[in-house]
Amino acid sequence: MLIKLLTKVFGSRNDRTLRRMRKVVNIINAMEPEMEKLSDEELKGKTAEFRARLEKGEVLENLIPEAFAVVREASKRVFGMRHFDVQLLGGMVLNERCIAEMRTGEGKTLTATLPAYLNALTGKGVHVVTVNDYLAQRDAENNRPLFEFLGLTVGINLPGMPAPAKREAYAADITYGTNNEYGFDYLRDNMAFSPEERVQRKLHYALVDEVDSILIDEARTPLIISGPVEDSSEMYKRVNKIIPHLIRQEKEDSETFQGEGHFSVDEKSRQVNLTERGLVLIEELLVKEGIMDEGESLYSPANIMLMHHVTAALRAHALFTRDVDYIVKDGEVIIVDEHTGRTMQGRRWSDGLHQAVEAKEGVQIQNENQTLASITFQNYFRLYEKLAGMTGTADTEAFEFSSIYKLDTVVVPTNRPMIRKDLPDLVYMTEAEKIQAIIEDIKERTAKGQPVLVGTISIEKSELVSNELTKAGIKHNVLNAKFHANEAAIVAQAGYPAAVTIATNMAGRGTDIVLGGSWQAEVAALENPTAEQIEKIKADWQVRHDAVLAAGGLHIIGTERHESRRIDNQLRGRSGRQGDAGSSRFYLSMEDALMRIFAPDRVSGMMRKLGMKPGEAIEHPWVTKAIANAQRKVESRNFDIRKQLLEYDDVANDQRRAIYSQRNELLDVSDVSETINSIREDVFKATIDAYIPPQSLEEMWDIPGLQERLKNDFDLDLPIAEWLDKEPELHEETLRERILAQSIEVYQRKEEVVGAEMMRHFEKGVMLQTLDSLWKEHQAAMDYLRQGIHLRGYAQKDPKQEYKRESFSMFAAMLESLKYEVISTLSKVQVRMPEEVEELEQQRRMEAERLAQMQQLSHQDDDSAAAAALAAQTGERKVGRNDPCPCGSGKKYKQCHGRLQ
């Protein structure tokens, strides 16, 4: 009560922020007449003037009023569009490392031009981040004329672009691209082998569009660059045949409970567990298929990989549904983003799950991958010096933005008051009744000329509604991941009178639904439109626009509640843009996933007690409250998962930053010889310590072991035992010095042969490759540690503290291994004398010529052409890989002429 009273008197934090910013808006408005008097050249010249002032030490914040006034005036001249006062407020919020909540249709794209221009003046680059390539390209091309008018360069960063084009895009003042591409470029830059291969500059200012989608919905999904490991596709196929024999165990309180099943499914945590009965059956089936020996247990350490295959296959069959979680297109399993309904081409599930789904669908199984580099969006975006974002729905997640990203959320008021009617939810007993009610509502709305947008949470549901509409004879468009290319065109015309559009989740987000349809899209479809044609199109559009407004504006139908209230609000936000009329309603059933998993059983019990007849709906504040509570439960659970993921990833992130920083330093220097010398001393000291403990008696020394180790690991053949016999005065310290001196001498002789420059280049390459190889193994080890660390809780230990402690000791061990591997590799490298190299090269050329002649004798296309030619020449059978080579060298064929193929 007291807090409410204080807020009434002093205003909320949001009100105080906006009050402070409105004073700056008044200053910008006062500058408008002055800006209007400037010629185009004088307006363009302001950019150079601002940059000069910054170089002299002026603070960026001091330029806000004038810079925003310049952008507003330039926008009027280039686009014929003037920034509203609320857009100026939004621009200031975005410059202050905050999240700006701006409703759909309030012009977020135009608002973004203000902070983008201001922060680009520093010359350090601005990254505008969008959710897909289409929006990145659209926004870049739309805003390019404005920025170029003001003397700034614009770049677009798209997947598949060659490195030089990417470098050029990043060198621009303002770069547009997707969150995935920025993250992958960062990882690729940290795998580069020369400074020239890197494309990104230092990360300065990121302006994230649809910030909730990127920083919250996708926060649990790490970006991973992976490489293939050995082929195990056959095992996935064999295990996949077994899974259909297993029966799912239903809950005991459900109507379909039929005694004990073989596996149970936890839909909340998306996990599958074998029951005891299931374990017995699957072991029998594995033995029958010849995959496992009689009497063996699936849980024995020897079968750990087999258990991995069984779990992956079970999850693929029980938890992942075609046209909901993925689609199959051109013989390929493509993931569908659960948040946007869009396909994620090129993205694959890890831990063998993708291969298990491929086996289930009978498509070609691609190899499993090993992580080479990975980062979460949470940690990538926190690398920027300055981060800001905008969205239509952020207030529900304000706490998360604040606690994880240290970003405050400011709700920017709308330019015109919102008049959309949000109708109460209707709850039905069954899915079929709900779908029927939706069809009736659509018929009623379209009969009076009102356009309808139907939001579904999966492709499967969108196709179910589509089939029912087709049966009812209602014309409609479907907007889901299967029809990616037509997305913008369908959305643009979704505001036509009586138009019906079905959209999965938020597919098509970023394109406004204009009441009456988009006249711009109609003009764009004409080849060379005349002024008369354009006027006629505009006049026709105005008639349609007025008719739709009279019918009640765009009506939104939600076919079920999403896990997050924010995503429901995004769907609602498609209607009622810029003060237009509109309405929305959600239709639910007790069979919906959210209701089934999270709504208490008493809700369905209460509905039964009310004696509801088929087709009847319940509309009660209690039910609405129960649904809101269910959503809150899911949101808080998802927040905890993301928070926990971040706490664990922060440990890996500290190590990642240390490795990448070290790697970049290594890339930027040309001479690493000092580092090599320092490492050599450490490595030899540790190696000798293992066999000659410091300050120990000679009787405790293991000289044969030390000699063998030096020979095997460092190619250093030293007569240490002989030295000790011949030189009694040789003590521990002098012996250490002599071994190190000998290793340096051998290395210097190699350097004299190849030259210092070549040796420095080689040293750098070895260090980079060894670092990458060990870092890759370390990441895999960290993943394994992470998966099992929760079990430490049973021993009354804090899993997070244990993870920190163990990962730190693993990291320290990796750094020691790095030193050892580098010195071992450099010591073992064989350097040929120039004349030896020439002789070997001569032999190689002669063998290549001889092979070429032999290949001319044969016109076979297969890989055994050379072998067949040799067989023909010598009158012998076809030569096997392990047979002696027919050329008479005495070597095996695979090590002689077979190798040259």
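One-based numbering along the chain as shown.
Cβ atoms here come from the backbone N, Cα and C positions, even for glycine.
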With Swiss-Prot as the source, identify the stretch among 558-600, 859-901 annotated region 'Disordered'.
859-901
Where among the binding-site residues GLU106, ASP512 do you find the Cβ with the fewest other Cβ atoms within 10 Å?
ASP512
What number of additional C-beta atoms lies within 10 angstroms of the C-beta atom of GLN87 (ATP binding site)?
27
Taking the Cβ of THR109 (ATP binding site) as the reference point, list residues of the same chain whose Cβ is under 8 angstroms away and which are at least six residues distant in sequence.
ASP139, ASN142, ASN143, ASP209
Given a separation of at least six residues and a C-beta threshold under 8 Å, show me what packs close to GLY107 (ATP binding site) in the same chain.
HIS83, PHE84, GLN87
